[in-house]
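**Q** As listed in Swiss-Prot for this protein:
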type	residues	note
DOMAIN	3-56	domain 'ClpX-type ZB'
BINDING	Cys15, Cys18, Cys37, Cys40	Zn(2+) binding site
BINDING	Pro122, Thr123, Gly124, Ser125, Gly126, Lys127, Thr128, Leu129	ATP binding site
Amino acid sequence: MADKKGSNSEKLLYCSFCGKSQHEVKKLIAGPSVFICDECIDLCNEIIRDEAAGAGIEAGLSKSDLPSPQEIREILDQYVIGQERAKKILAVAVYNHYKRLKHLDKKDEIELSKSNILLIGPTGSGKTLLAQTLARLLNVPFVIADATTLTEAGYVGEDVENIIQKLLQNCNYEVDKAQRGIVYIDEIDKISRKSDNPSITRDVSGEGVQQALLKLVEGTMASVPPQGGRKHPNQDFIQVDTTNILFICGGAFDGLEKVIVDRTEKTGIGFGASVKSKQDRDAGEVLREVEPEDLIKFGLIPELIGRLPVVATLGKLDEVALMKILVEPKNALVKQYHKLFNMERVELEIRPAALQAVARKAIRRKTGARGLRSILEQALLDVMYDLPQMKGISKVIIDDNVIDGDGKPLLIYEDAPKVAGSN
């Protein structure tokens with residue numbers, strides 16, 4: 001079916017796979033007595049990518065060259081700026097977890113227990129990005145869950161087993177892959193116990209959720225309805241063993257530093273005790289001294305803390321770190337905007353003073369790295385709106401006055417070396 005004669009005796013060429021003619025497709029590529037169209041090539045590439053991704057999950061966990069902690073750390077460095085101690089702790093914990101999974105089949109008297117991870121740090125310090133980067137590096141299924149939307153089973157809200165359902169969806173309901181995935185539970189501090197004293201009213205979004213999460217984190221058979229349906233008494237459920245799923249919990253834990261300071265000040269009384277005022281210690285330095293008893297006092301139940309043995313604390317990002325985040329990572333925001341402007345065949349220049357202004361604004365807003373994109377988006381909105389309709393522009397320059405809202409981007413035109421403000 002490679003070629004046929006048309007009515008006007010023109011020789012029509014056809015795709016040997018889908019049968020479409022050369023007039024129905026954008027491109028037809030010839031081989032030895034066969035032709036393939038661009039649509040079939042795209043379909044083949046998609047099939048190869050899907051199969052390679054599936055094989056990669058299995059291969060990534062079974063092959064002998066599992067990345068070492070140093071290699072994991074180096075890859076994290078490419079995407080996450082700062083937080084050196086947290087990256088080191090995570091690299092070791094993740095390496096040990098997947099090394100443990102590789103040796104599960106070997107009979108041994110010593111059984112290695114799972115080390116789930118607790119990340120403590122302010123908003124925008126990189127907790128979610130660290131977890132996402134780890135999952136991408138190891139090529140395993142990954143899901144982010146928001147603890148604030150969870151409630152106990154039987155109450156309005158999300159059941160904790162919905163987390164496993166989302167993980168299954170992310171790997172096309174392949175149970176074996178899901179059972180070796182990574183789950184990141186954000187805002188874990190928001191489900192802390194509301195009071196130290198037991199109450200007659202049930203706390204369905206606090207301690208109750210912690211109890212439900214406890215079973216999931218330590219390892220249980222979760223019953224998940226097939227293909228995202230609702231739970232129904234007469235249907236068959238997919239059984240997922242959560243024993244080997246790595247759980248990473250993250251939260252800002254606002255107020256935890258006060259709990260730590262109160263404890264350390266009590267224990268640091270007497271002759272020879274080193275005294276350091278609260279003003280001399282930043283929040284990151286205080287959080288590094290966190291102990292299980294501090295987390296219990298904050299409102300987490302002891303059983304859940306016991307299932308999160310690896311604790312990594314992240315510090316607040318300063319101006320220098322935020323400026324580096326804008327330009328240094330592989331997928332840095334400035335690189336992304338450069339690419340967007342290049343698509344319009346326009347060069348974008350964001351001057352160092354502008355980067356500094358963006359970082360300062362994010363610090364004032366207390367949004368950390370998470371707020372950088374919205375600041376840049378706001379500054380570039382007008383020029384991105386007008387640019388597709390404007391002719392002859394070769395370069396756009398952003399200075400600090402644009403970020404602060406006191407000026408407009410500078411436009412440089414191709415035909416003349418003049419600089420003009422955008423309208």
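Think of each number as a place in line: the chain as shown, counted from 1.
Cβ coordinates are placed from backbone N, Cα and C, and glycine is handled just like the others.
Could you place these features in context, so I can see how deep they sit and what lies close by?
**A** In the three-state DSSP assignment, the secondary structure recorded for Cys18 (Zn(2+) binding site) is coil.
Within the same chain, the residues at least 6 positions away from Thr123 (ATP binding site) whose Cβ sits under 8 Å from its Cβ are Ala252, Lys366, Thr367, Gly368, Arg370, listed in sequence order.
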**Q** Name the residue among the binding-site residues Ser125, Thr128 whose Cβ has the smallest number of other Cβ atoms within 10 Å.
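**A** So among Ser125, Thr128, the binding-site residues given, the one with the fewest Cβ atoms within 10 Å is Thr128.
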**Q** Between Leu129 (ATP binding site) and Cys40 (Zn(2+) binding site), how many Å separate their Cα atoms?
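**A** That comes out at 36 Å between the alpha carbons.
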**Q** In whole Å, note down how far the CA of Pro122 (ATP binding site) lies from the CA of Cys18 (Zn(2+) binding site).
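**A** Each residue's Cα considered, Cys18 (Zn(2+) binding site) and Pro122 (ATP binding site) end up 54 Å apart.
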**Q** Please report how many Å separate the Cα atom of Cys37 (Zn(2+) binding site) from that of Thr128 (ATP binding site), as a whole number.
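**A** With distance taken Cα to Cα, Thr128 (ATP binding site) is 41 Å from Cys37 (Zn(2+) binding site).
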**Q** Determine which residues of the same chain, besides Pro122, Thr123, Gly124, Ser125, Gly126, Lys127, Thr128, Leu129, have their CB within 8 A of the center of the CB atoms at the recorded ATP site, and list them by sequence.
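**A** For the ATP site the neighbour list reads Gly121, Gly250, Leu314, Gly368, Ala369, Arg370.
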